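Reviewing the structure listed below.
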């Protein structure tokens, strides 16, 4: 035990060490050589474990990055001149702004930086450099498309002008040409705009951010590295700094081959988004699709589980049936929808009706699946008692009975066996089996005291590996389920192609790609991600027997309540589908309200109007064939 005096000395010593470590940058070593020699071993250990090598690696990357960005900017001097239409003298000012920013604070940083936390100051400088680099790049996104210089001889004009003008009086300017001259003057003013100030300010910030890197970084290495290693570390950092310009000029050479307007995108984005969601047909159809995809994705995700648990089928057979029957039905339904659209030349209003009809009849067929289920398997202690009577209570896990009281069984095991009485037991131990014969799937258990309790309690019976098959009527129900499932999949898929036509025809032509992108994003984010999650949560509520992990904790569900699973799985799918039908009805109502009488009568070629709004010329495309793609003047040049 320490005395109070000793404890106080220890606390003062620890505080002194902490203060010394915090203000280590302000203390000058008295005898560096003796200090280094005496603590070289401790410093080597600190540098390996503490982080001097990590600091050197980070500093080397910073040196490489600042050298690369600086050399890249110098390689774009001529491009900057042409882009902003400025003279070389002004470009020189822009290039020298880096040194100006460096000179503004280098004395302050060199003096006061050594008294503070140097790595943090270097990190702050890196953030300032990155902000300056982003500022340099901003004009590319704010300025319009680059306009190349064109001489009068190359401009389309009705007046023939000689390239070689001997006298200005020989070529009097017409009113049109004078107007063109004013336009050209305005273009020159626009080309010489002040957007280059962003580049100047960004380069100035780069110089300010670069200031602490060299003086503070080199001195930090010299202070905290072993004396014989300091020169090597500094040499490595300087070497990396020399490599940076190599990659900078190579990158400049590569980028100089690219045109300035590569990837140019018009920024009227927010107005386009407002225009898109201001279209009630698009908005309502998007809501209908999101909700419908929630129901379909959730249903498809857990369909294998539903078939396995509801009808007692194996995973192999379940996947075989889905791949061989359901997926081809979906493909055939999508193809049939497009074929129907082409055969009967259905317009947008007809496409909305076809999409609504397919959804309505598809979910109506889905309603019939509620009657095509199987009862729960007879599992002793879960769905039936060990005496074979049906449990009417809340399925309490009464896994132990008098017949297995003499066995040391675990309630967490799941290794089901089928007794000759047709009841499934969770494990051979809980079935009271005393002996077994064979191995693997051919194992047969004998003297199972719980198996013989139904007819002759005094006689022990046998059991085999695996759960018992469901009732005799379950295979027939499974066949009915497959038939209805295939028809439902086909019916719902028929409305897929008409839905896409409805989406494409009721928006402005130049917003088609944007509309489809928003549609895909919304479906994936609002349906593809959440639907499997909340479907899974709902399905987990129907579990009767949970497995256990090796290290404890709840594992996967081993047995579901068949009736509850059927109502949750099909009910959630049907509710979501019904909500989507209401949105589809709203889409049809809006289309009918906006359609004119002429759109309801067949045209000369047997086709109805495309979308039937009051401003069809501005909003929709009237073509002889609905599937035919549309064209507008800037389609070939717009990116």
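Heads up, the Cβ atoms here are built off N, Cα and C, so glycines get one too.
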Among 449-476, 477-504, TrEMBL lists transmembrane segment at 477-504
Among 516-539, 540-563, 612-635, TrEMBL marks as transmembrane the stretch 516-539
Here TrEMBL annotates transmembrane segment, and of 184-204, 205-225, 352-372 the range meant is 352-372
Between the ranges 230-260, 385-415, TrEMBL assigns transmembrane segment to 230-260
Helix, strand and coil residue totals from DSSP for the domain 'Kazal-like' (397-452) stand at 8 helix, 13 strand, 35 coil
Rounded mean pLDDT within the domain 'Kazal-like' (397-452) lands at 86
Lying 6 or more residues past either end of the transmembrane segment (352-372) yet within Cβ distance under 8 Å of it, the residues of that chain are 292, 337, 340-341, 346, 477, 480-481, 484-485, 487-488, 491-495, 498-499, 502, 566-567, 570, 573-574, 577-578, 580-581, 584-585, 587-588, 591
Is it true that the transmembrane segment (320-340) and the transmembrane segment (477-504) have 3 or more CB pairs under 8 Å, sequence gap of 6 or more? yes
Spatial neighbours of the transmembrane segment (568-591) not adjacent in sequence (6+ beyond its ends, CB under 8 Å) are 280-281, 284-285, 287-289, 291-292, 294-296, 298-299, 302, 306, 348-349, 352-353, 355-356, 359-360, 362-363, 366-367, 369-370, 502, 506, 535, 538-539, 541-542, 611-612
Listed stretches 93-114, 230-260, 281-300 vs the transmembrane segment (52-73), most Cβ pairs under 8 Å: range 230-260
Tertiary contacts of the transmembrane segment (281-300), defined by C-beta under 8 angstroms and 6+ residue spacing from its ends, are 359, 492, 499, 502-503, 506-507, 515, 518-519, 522-523, 526-528, 530-532, 534-535, 569, 572-577, 579-581, 583-584, 586-587, 590-591, 611
Contact set of the transmembrane segment (230-260) with the rest of its chain, CB cutoff 8 A exclusive, min separation 6+ beyond the ends, reads 56, 59-61, 63-72, 74-76, 79, 83, 140, 146, 217-218, 221-222
